[in-house]
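Beneath this line is the structure, given in structure tokens, with notes to follow.
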């Protein structure tokens with residue numbers, strides 16, 4: 001905590017309580033844990049299809065011809081078997097979906113996600129984040145459980161369910177920003193966001209690791225959806241039991257912690273339900289800079305999130321179990337870097353060594369431009385599996401710096417409209433979620449295009465980051 005605030009607390013005779021509340025675990029940390037677990041479940045339900053689709057889809061004749069092109073690495077298993085039945089593992093799939101259909105299935109979630117981000121932000125600003133976040137996770141869980149039945153009924157039904165999942169999940173991230181603006185002091189914000197949103201990475205790691213194994217059990221690919229859905233239903237009980245919109249609403253929070261949060265946040269956070277200043281928002285250069293950074297960052301993240309397992313199978317020829325574990329590895333690296341980097345940035349902010357503005361700028365340079373440079377090398381290393389995986393780990397890992405960049409900016413620009421700003425930005429930044437896999441499927445039948453398009457989006461961002469960052 002900075003010296004100025006401590007002096008104010010001393011004048012009010014509250015220094016001992018503040019130091020205690022600042023250093024000890026409190027109800028705000030319970031909220032961070034619940035958000036962490038909630039995001040882990042949300043991303044488990046989001047990314048389960050990325051691995052499950054590998055087992056769901058029957059190999060097509062054109063997929064075999066791709067293996068003989070210069071863009072595809074030699075398959076060690078096929079070579080050892082004299083190319084006898086090279087598609088035996090993949091041929092078990094139930095669905096005869098070409099690459100374009102797979103792109104629609106993978107992108108369906110993001111079509112729905114695009115529609116409700118702004119709505120979620122407005123509802124959370126008006127009614128509080130607890131109900132909106134909890135309802136989003138619970139409804140997504142129900143839809144995830146019925147996904148296997150929908151897929152077997154028809155492709156269109158499955159796409160519809162994925163769209164609905166995107167709609168119900170789309171309200172959650174804006175609701176999170178609203179709750180954080182009420183609960184988390186500015187000097188704890190970067191690491192708190194990193195810890196809560198770190199659930200997205202852990203959920204991704206666990207899901208990608210376990211899904212490959214589940215698809216090869218007797219329960220098959222449907223178990224991937226059932227498991228993640230039921231776990232999130234269990235989580236929802238704990239959320240509605242222990243989460244509250246504000247410290248004032250919490251029945252068992254200590255007086256010291258409540259006072260610490262109030263004094264740290266100050267009085268800039270007003271009442272919920274205020275009218276949105278649309279003109280100020282739409283003419284705000286710092287906010288538009290956040291949106292551009294958000295879009296560019298999400299292109300690479302979503303492209304790799306949806307296409308990496310298929311790249312590892314079709315191009316590098318990892319089997320299903322290896323595929324899941326290796327797909328999860330970059331997200332584990334990202335999580336570890338995320339926690340370490342955010343704590344260090346908060347330390348630099350608290351000690352006055354770097355300003356908030358400079359931390360946000362540096363973080364987005366790391367999060368966008370290091371991945372852009374590193375991913376350019378992936379096609380260059382070709383069929384060297386180890387180097388390709390290492391480069392992808394570096395690219396995704398460095399992207400974790402974004403939590404100290406754009407993801408902190410919404411609360412800092414307008415705390416009373418954190419949910420609305422997040423909703424607007426996340427709506428636009430969701431477009432890469434369905435556009436990236438669709439464009440990839442149309443350009444070529446493997447995932448090399450992701451690496452090239454990621455660089456294009458990141459270098460667009462460099463135009464904005466130095467001059468216009470908030």
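Glycine residues also receive a Cβ, built from the backbone N, Cα and C atoms like all the rest.
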Task: Annotated stretch (transmembrane segment, per TrEMBL) among the listed ranges 62-81, 162-181, 242-261, 322-341 - done: 322-341
Task: Which range of 31-57, 436-462 is transmembrane segment, per TrEMBL - done: 31-57
Open item on the list: Quick test of the contact rule: Cβ under 8 Å, at least six residues beyond the ends. What residues does that give for the transmembrane segment (31-57)?
Closed with: 90, 92-97, 102, 105-106, 109, 133, 136-137, 140-141, 144, 151, 162, 165, 169, 172, 176, 179, 183-184, 192, 195-204, 206-208, 211-212, 215-216, 220-221, 224-225, 228-229, 231-232, 235, 238-239, 242-244, 305-310, 313, 320, 323-324, 327
Task: Contact set, same chain, for the transmembrane segment (197-214): CB under 8 Å, 6 or more residues outside the stretch - done: 35-44, 47-48, 50-52, 176, 220-221, 223-224, 227-228, 305, 309, 320-325, 327-329, 331-332, 334-335, 338-339, 400, 403, 407
Open item on the list: With pairs fewer than 6 apart in sequence excluded, do the transmembrane segment (131-151) and the transmembrane segment (322-341) have three or more C-beta pairs that lie under 8 Å?
Closed with: no
TODO: Would you report the average pLDDT that the model assigns to the domain 'Major facilitator superfamily (MFS) profile' (34-470)?
DONE: 80
